[in-house]
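A short write-up of the structure that comes next.
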Amino acid sequence: MSSLPYRGRFAPSPTGPLHFGSLLAALGSWLLARHAGGEWHVRIEDIDPPRAEPGASERQLHTLAAFGLHSDGPVLYQSDRDAYYEAALSRLLRSGAAFECSCSRAELAAMGGIHHVCVAPLGIRRAVRLRVPPNTQASFQDALQGRITQDVYSEVGDVVLRRADGYWAYQLAVVVDDAAQGITDVVRGADLLDSTPRQLVLQQALGVAPPRYLHLPLILGADGRKLSKSHAAQPVDDSDPLPALRAAWRALGQAPAALPARASVAGVLQHAVQHFSPQRLPRVASLDAATRIDAPA
């Protein structure tokens, strides 16, 4: 794990406006970076055009600015980085660590959707997968969720790096960019906890050092499901950011009294940095609706 100066990031996908769960991840990652005296960077993960919403990235950046969360460097857009992903993929193909595959989801259904061996001949539509040998396990110590171990071979199988439709897979793009940006600490929602073992396997194949990981609890809506754009979660109000900012502070387990009753966004964040305690972060995978923006102070 990295011994370099702390460098964190927040990396939303432009599929809609930021909701309260997004704000929690942004604020949590920002506070941890500031607490460590490090940098915090913003990356727009716009590698899936069919899911992207026009103007969403601009609105997301506007919302972050309204909440006083500014990137410590230029915003990186994954849509500008095809050449870097192609270079990494070529290395893996040349070394035999990756291979082309035309197996469809329907064809893999009989194997539980897990790919170990190709069951279809190569066709025009070809994905590229990372070869995951038998007995491949990945284990890491999450700073909040504890020790996580996964048998990547039996539970995941060969990992898609480039989809059959030509779009880059999340796993490849995030590993390449975290390494290129020198990210030492990945702080994100617990919905991505399951992705981490396969990213560790890919990092090893590419010869890059893994960052440290901390997965914040998810915010669940009144229906018990994760707040998400796909479930029509309400966007945070960037015209009146203080209520949501205070609610996110509480959801991170921090003492409400640490923030001044009357202050600007900048003033609230200044006090937040001074009084933030990582030890108070909730050591759970999810939080119920009581911690949402409408929770009492």
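Keep in mind that glycine also has a Cβ here, set from the backbone N, Cα and C atoms.
Values in this document were obtained by computation on a predicted structure and should not be read as measured data.
Which of 12-22, 45-55 counts as motif ''HIGH' region' depends on Swiss-Prot, and there it is 12-22.
Site annotation for L-glutamate in Swiss-Prot covers ARG9, PHE10, ALA11, PRO12, SER13, GLU45, ARG188, and the matching candidate from TYR167, TYR170 is TYR170. Swiss-Prot lists motif ''KMSKS' region' for one of the ranges 56-60, 226-230, namely 226-230. Summarised as a single figure, the pLDDT of the motif ''KMSKS' region' (226-230) averages 53. Secondary structure at ALA11 (L-glutamate binding site), as computed by DSSP, is coil. The binding-site residues shown are ARG9, ALA11, SER13, GLU45, TYR170; of these, the one with its CA atom nearest the CA of CYS103 (Zn(2+) binding site) is TYR170. Compute the center of the Cβ atoms of ARG9, PHE10, ALA11, PRO12, SER13, GLU45, TYR170, ARG188, which mark the site for L-glutamate; besides them, the chain residues with Cβ within 8 Å of that center are ARG43, ILE44, VAL174.
PRO12 (L-glutamate binding site) and CYS101 (Zn(2+) binding site) are 29 Å apart (CA-CA, integer value).
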